[in-house]
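Database features, via TrEMBL:
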DOMAIN    1-111  domain 'HotDog ACOT-type'
ACT_SITE  N9  active site
DOMAIN    167-281  domain 'HotDog ACOT-type'
ACT_SITE  D198  active site
REGION    295-324  region 'Disordered'
COMPBIAS  296-306  compositional bias 'Basic and acidic residues'
Amino acid sequence: RIMRPDDANVAGNVHGGTILKMIEEAGAIISTRHCNSQAGEPCVAALARVERTDFLSPVCIGEVANVSAEITYTSRHSVEVQVNVMSENILTGAKKVTNKATLWYVPLSLKNVNKVLEVPPIQYARKEQEDEGRKRYEEQKLDRLETKQRNGDVILPVINPEPHTVGYSQSSLIHLVGPSDCTLLGFVHGGVTMKLMDEVAGIVAARHCKTNIVTASVDAINFHEKIKKGCVITISGRMTFTSNKSMEIEVFVDADPFVDEPRERYRAVSAFFTYVSLSKEGKPLPVPQLLTETEDEKRRFEEGKGRYLQTKAKRQAQMQQAAQ
């Protein structure tokens with residue numbers, strides 16, 4: 001679809017959250033189609049996880065975003081979908097790849113939202129494709145379990161925080177989940193949640209550096225539990241790490257199901273977003289160093305530094321491989 005002004009940030013680039021929402025919609029469509037391709041109980045595919053997503057190039061207003069999706073692996077109860085986004089300047093015909101993403105879905109019964117159905121298998125061109133897919137499945141399953149175990153943190157307000165501290169830029173957004181946010185089963189679209197998470201992360205990044213910012217990448221987004229219609233969700237973000245030219249922001253979503261369900265608040269989604277600071281000309285700017293004050297903030301900074309160095313090493317290895 002064509003990108004319009006209400007899709008953009010103040011600099012005229014399309015919001016990262018808008019792109020994430022489009023990616024998720026494509027994944028949901030192809031997964032739901034596949035899971036209903038054989039006779040059986042009708043279902044809707046629900047997003048369980050998004051692997052690391054890099055924003056390779058910005059999409060501008062007036063360009064057309066082409067989103068394509070392909071199923072690359074199926075386990076007994078999940079579907080792996082690869083999604084590519086390409087932007088097209090319809091005046092010049094120039095095209096460029098802007099995003100590549102991997103998403104995991106599970107089929108939920110239309111009759112019982114808590115029932116996960118079996119997934120029809122796909123045919124692989126080579127045995128190696130199935131083996132590689134199974135390896136990716138086991139890795140993401142393990143990572144989801146590890147992430148869920150460290151999800152006890154909360155973000156508390158700080159009185160009169162100093163600039164460039166964690167408390168100075170941390171932000172929260174409260175949203176009542178309405179019918180337009182939800183699937184046929186009455187729980188929130190994954191793309192809606194990701195768009196809200198990107199908005200909060202963007203506010204944190206902008207508060208920290210006081211410049212135009214853009215989404216550079218999103219680490220794995222884990223959907224731990226469904227969010228139902230009528231819930232009030234709190235999307236919270238805080239700075240965890242800064243390098244010379246990037247900022248890592250932890251974002252999590254907590255749900256309060258206060259309508260017709262006496263359940264306590266719970267952690268529904270968690271992820272790390274990376275942003276870069278840009279000048280008015282679109283050139284990268286230095287990022288102010290994050291000032292850590294507590295032991296927990298220093299620990300999170302070191303963990304973020306580890307993720308940053310790991311990603312940097314992986315990117316350098318890929319570049320060397322491509323050059324050979």
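The backbone N, Cα and C atoms fix where each Cβ goes, and this holds for glycine too.
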For N9 (active site): intrachain residues, at least 6 apart, with Cβ closer than 8 Å: H15, G202, N212, V214
Segment confidence, the domain 'HotDog ACOT-type' (167-281), expressed as mean pLDDT: 92
Number of helical, extended and coil residues in the domain 'HotDog ACOT-type' (1-111), per DSSP: 23 helix, 52 strand, 36 coil
Residues satisfying Cβ distance under 8 Å from D198 (active site), sequence separation of at least 6: H15, G16, G17, L20, T215, V218, F273
